[in-house]
């Protein structure tokens, strides 16, 4: 049997049956869950496009690494590394799961919200993010590569969905799990048939060896999480309370939030592409810098915002250039061999980081310059082992304290960070947000997770633990200082 014949035998008939049941329905396509058919169909047809766009790069990478492989005589041809039939699967699976969900929604009742919604949302999101970090760690071993690729790819998206509306999903928990598990079990059975009959192959080298019959654990997880993504996405799009939440959030949506989201997204591919760290690190820093700049412009106007950018980046570049030449104020180190782009030998990621990180610390500290300096020192405790391992700078100091850096480095970070923060507050007194408002200072919370996670990924568990403890301890002082 070829891959096309697999679709014609196992996938297309199911899709046609569900389509016929949908066509013969009475009443709204999503029943009482959402009575607006135009809205329901719009998101139903949009979801396969989103699924294909998100899955295509990941799928190509799996086939490139030979986690999956397809005998040439079983496929019609390829686009990139992936067979045409695989691209069709992106759409077919999403349509099948979506139509089944709509069928169950028509037979169910109205949309509901789970009890204890905050616990459901944030507890679920935390669990899913934890699985994403486990996935990143799995990427370091050949036998867990496929498992890691699934978790690192799917769990951040599910975590975001759950943080937005996990309580909306669990308001109809039985329906949610039924819509997820029915197509999952069916696809497990058809997958087992395809593997047994050689339509595609799963590499034993990149899997754990835990199988249920011919079906690897990783394949079972793959179909589970892909159906979770479909069901979660469509149920959230159709839930009336989701629209209300988006409406309430609209006044708070600002350009800086978009750049902050891009900053976060630029970090996610690092486990999949460790060799791309210089590019991804530069992109992440640029996005953080733009988030800081646009937030400052929102609070104090573009003139003062640009002056803060020039002061922070200019001071950062100057002290780093002087430091790399003289050993003051950080100790003896060199930028020789650092990844491009550079300015007179100093990587541009460094001065941009000085501006963005100082503004983040200033906001989080409530304008207390001494505390902003401590936040930066704790941040640098993680940056030293990470960035030296990636070749951004090399320490040559005769009195190393941590990852080659001497005590003078951390004193210098505190002194310059404190001075810059003090200057930021004096130049832009309206910079500080209201106590309950979103602001870029909360990026520090993201770094509290991602920086230790990055150190673990690059094989530095002790540095990860020290960084996590140090950042958490200083972060706790921001609450006491308020």
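Glycine too: its Cβ is placed from the backbone N, Cα and C atoms.
Taken from TrEMBL, the feature transmembrane segment applies to 6-23 (among others). Beyond the ends of the transmembrane segment (6-23), by six or more residues, the same chain brings 29, 85, 88-89, 92-93, 95-96, 99-100, 102-103, 186, 190, 193-194, 199 to within a C-beta distance below 8 angstroms of the stretch.
The feature transmembrane segment is assigned by TrEMBL to 43-64 (among others).
Residues 7, 11-12, 14-15, 18-19, 21-22, 25, 27-31, 33-34, 40, 44, 47-48, 51-52, 55-56, 59, 79, 175, 178-180, 182-183, 187, 226-227, 230-231, 234-235, 238 of the same chain, all 6+ positions outside the transmembrane segment (87-107), place their C-beta atoms under 8 angstroms from a C-beta of that stretch. Feature annotation from TrEMBL assigns transmembrane segment to 87-107 (among others).
Positions annotated as transmembrane segment by TrEMBL: 119-139 (among others).
Beyond its flanks by at least six residues, the transmembrane segment (145-164) meets 54, 58, 61-62, 65, 67, 121-122, 124-126, 128-129, 131-132, 134-139, 202-203, 206-208, 216-218, 221-222, 225-226, 228-229, 232-233, 236, 242, 245, 268, 271-272 of its own chain at Cβ-Cβ distances under 8 Å. Residues or ranges marked as transmembrane segment in TrEMBL: 145-164 (among others).
Marked as transmembrane segment by TrEMBL: 220-243 (among others).
According to TrEMBL, the transmembrane segment annotation covers 255-273 (among others).
The annotation transmembrane segment is assigned in TrEMBL to 279-298 (among others).
TrEMBL lists 305-323 (among others) with the feature transmembrane segment. With a threshold of 8 Å between CB atoms, the same-chain residues lying at least 6 positions outside the transmembrane segment (305-323) that come near it are 289, 293-294, 296-297, 299, 329-331, 333, 335, 343-346, 350-356, 358-359, 412, 416, 420, 423-424, 427-428.
Annotated transmembrane segment per TrEMBL: 343-364 (among others), in sequence order. Counting only same-chain residues 6+ beyond the ends of the transmembrane segment (343-364), those with a CB under 8 A from a CB of the stretch are 281-282, 285-286, 288-289, 291-293, 295-296, 308-309, 311-317, 320-321, 324, 335-336, 371-373, 375-376, 379, 392, 417, 420-421, 424-425, 431-433, 439-444, 475, 478.
The annotation transmembrane segment is assigned in TrEMBL to 369-387 (among others).
Feature annotation from TrEMBL assigns transmembrane segment to 448-475 (among others).
Contact between the transmembrane segment (43-64) and the transmembrane segment (369-387) is not supported: fewer than 3 Cβ pairs lie under 8 Å, counting only residues 6 or more apart in sequence. Stretch with the most C-beta contacts under 8 angstroms to the transmembrane segment (119-139), considering only 220-243, 255-273, 279-298, 369-387, 448-475: 448-475. By number of Cβ pairs under 8 Å, the transmembrane segment (369-387) is matched best by 448-475 from the list 255-273, 279-298, 448-475. Away from its own ends, the transmembrane segment (279-298) comes close to residues 254-257, 259-260, 262-263, 266-267, 269-270, 273, 304-306, 308-309, 339, 341, 348-349, 352-353, 355-357, 359-360, 390, 428, 431, 439-440, 443 of its chain (Cβ-Cβ under 8 Å, at least six residues beyond either end).
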